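J.: The active site, proton acceptor annotation in Swiss-Prot covers HIS19, and the record cites sequence analysis as its basis. Sequence annotations record features per position, and here Swiss-Prot assigns tRNA binding site to TYR14, TYR64, ASN66, ASN112 based on sequence analysis. Positions annotated as site 'Discriminates between blocked and unblocked aminoacyl-tRNA' by Swiss-Prot, on the basis of sequence analysis: ASN9. Positions annotated as site 'Stabilizes the basic form of H active site to accept a proton' by Swiss-Prot, on the basis of sequence analysis: ASP91.
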Amino acid sequence: MRLFVGLGNPGSKYQDNRHNIGFMVIDEIARRHGFSPWRRRFQGETADGSLDGERITLLKPLTYMNESGRAVQEAVSFYKIGHGEVAVFHDEIELPPAKLRVKVGGGIAGHNGLRSISAHIGNDYLRVRLGVGHPGVKELVHGHVLGDFAKSERPWVAALAEAVADNAGLIAKGREATFANKVHLALQARGFLDDDNKKSGADKAAK
């Protein structure tokens with residue numbers, strides 16, 4: 001059994017924010033794989049299903065980003081799972097738009113959702129880092145992540161969510177490197193990532 005956690009803030013005010021890309025990806029996994037209807041549990045919403053034969057619970061904390069760890073800890077305690085069975089999907093400003101990185105443990109890079117989760121369950125969980133780009137200067141970061149995706153960004157956001165959902169079973173099987181590679185190739189095939197693996201289609205459109 002694995003717990004997939006998508007990070008974001010609850011409510012319509014925040015639903016299109018860059019900070020909510022974790023919610024968007026988790027919603028897409030639920031849609032594409034026929035998970036159960038969402039229900040209120042663990043200070044959040046959960047949906048149950050399976051990926052490649054592995055039982056999965058999806059969790060969207062409704063505590064607001066800064067308290068996400070409370071919901072995660074409740075779920076981990078209820079299911080009696082180790083940190084290695086937890087995967088957290090979150091926005092990452094240090095990655096270009098449409099880029100993805102997967103890693104276990106490490107720092108929190110100023111992300112308040114990760115800070116809360118690490119404070120509650122420790123650092124040894126999988127992070128699926130979803131690139132949303134950096135505004136260029138530190139002072140603009142807050143407004144950037146709490147700002148909505150522009151209309152021009154929505155195609156790559158949808159493509160990234162679809163690629164993650166299509167390949168999420170690889171995470172359930174512990175094949176994180178293959179997962180990351182397949183997502184990259186899917187985004188590249190649709191023109192949102194350059195062949196040099198450095199720039200996104202969103203970057204090119206902005207020039």
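Positions of Cβ are set from backbone N, Cα and C atoms, glycine also.
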J.: Express the distance between the Cα positions of ASP91 (site 'Stabilizes the basic form of H active site to accept a proton') and ASN66 (tRNA binding site) as a whole number of Å.
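T.: Cα-Cα, rounded: 14 Å.
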J.: In terms of DSSP three-state secondary structure, what is the assignment for ASN66 (tRNA binding site)?
T.: helix
J.: Looking at the recorded positions ASN9, TYR64, ASN66, which ones sit with their CA no more than 10 Å from the CA of HIS19 (active site, proton acceptor)?
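T.: Checking each Cα against HIS19 (active site, proton acceptor), the hits are ASN9.
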J.: For the tRNA binding site, please report the maximum Cα-Cα distance among TYR14, TYR64, ASN66, ASN112 in Å.
T.: 16
J.: Could you find out if DSSP has ASP91 (site 'Stabilizes the basic form of H active site to accept a proton') as helix, strand or coil?
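T.: Reduced to three states, the DSSP call for ASP91 (site 'Stabilizes the basic form of H active site to accept a proton') is strand.
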J.: What's the CA to CA span in angstrom from TYR64 (tRNA binding site) over to ASN9 (site 'Discriminates between blocked and unblocked aminoacyl-tRNA')?
T.: 5
J.: Give me the CA-CA distance between ASN66 (tRNA binding site) and ASN9 (site 'Discriminates between blocked and unblocked aminoacyl-tRNA'), in Å, as a whole number.
T.: 9
J.: Please report how many Å separate the Cα atom of ASN112 (tRNA binding site) from that of ASN9 (site 'Discriminates between blocked and unblocked aminoacyl-tRNA'), as a whole number.
T.: 12
J.: Please report the three-state DSSP label of ASN112 (tRNA binding site).
T.: helix
J.: Output, ordered by sequence, the same-chain residues six or more apart from TYR14 (tRNA binding site) with a CB under 8 Å from its CB, or 'none'.
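T.: Correct list: GLY8, ASN20, LEU146.
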J.: What other residues of this chain sit with their CB within 8 A of the center of the CB atoms of TYR14, TYR64, ASN66, ASN112, the recorded tRNA site?
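T.: Other same-chain residues with Cβ inside the cutoff are ASN9, HIS19, THR63, MET65, GLU67, SER68, GLY113.
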J.: Which residue, of the recorded positions ASN9, ASN66, ASN112, has its CB surrounded by the fewest other CB atoms within 10 A?
T.: ASN66
J.: State the count of C-beta atoms found within 10 angstroms of the C-beta of ASP91 (site 'Stabilizes the basic form of H active site to accept a proton'), not counting that atom itself.
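T.: A 10 Å sphere around the Cβ of ASP91 (site 'Stabilizes the basic form of H active site to accept a proton') contains 26 other Cβ atoms.
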J.: What is the number of other Cβ atoms found within 10 Å of the Cβ of HIS19 (active site, proton acceptor)?
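T.: There are 23 such Cβ atoms around HIS19 (active site, proton acceptor).
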